[in-house]
Each structure stands twice: as C-alpha cells, then as structure tokens.
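Database features (TrEMBL):
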- 1-75: domain 'Choline/carnitine acyltransferase' (DOMAIN)
Amino acid sequence: MVNSNYYAMDLLYVLPTHIQAARAGNAVHAILLYRRKLDREEIKPIRLLGSTIPLCSAQWERMFNTSRIPGEETDDLP
C-alpha cells in the first residue's frame, strides 16, 4: 500500500527493538493477524465520529491479494 507507515505497528503487539529483522518480523506478524481477522469478517465497520452510519468497508477486499499493473494512462487492477 502506498503511503503506509508500518514502522508505527511495533507498538501494537510488542515493545520495539533496535534489531531491524525483528521489527520486520513483528510488522509481518501484525499484518497477518489483521488479515486473518478480515478473512473471518471479525473487523467491525468504521463509523464516523459520533455517528451510527458505518463507512463502506469494500476497500478492505483489495487490501490483500491485489496487484496494480502499471498502464500508460491508468493502472489496471486484475
């Protein structure tokens, strides 16, 4: 994903370390835990601040298992 900051994910599950490989492993582990929750439909819809109206969750479908094929005018999502 473009413009994503995975560096901040260290604080979610473990204390940060200065070992780069461990930090990368922790980030991958956290991403896979999140993916499992998405696959099992355990993620609740995001709601607007103080609202009962949920935001559309359709974009989560393409978060994983999607690739962009660069095109001359626009990219293609197969």
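Note: Cβ is positioned from N, Cα and C throughout, glycine not excepted.
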Model confidence over the domain 'Choline/carnitine acyltransferase' (1-75) (mean pLDDT, whole number): 79
Secondary structure content, the domain 'Choline/carnitine acyltransferase' (1-75) (per DSSP, counts of residues): 33 helix, 3 strand, 39 coil
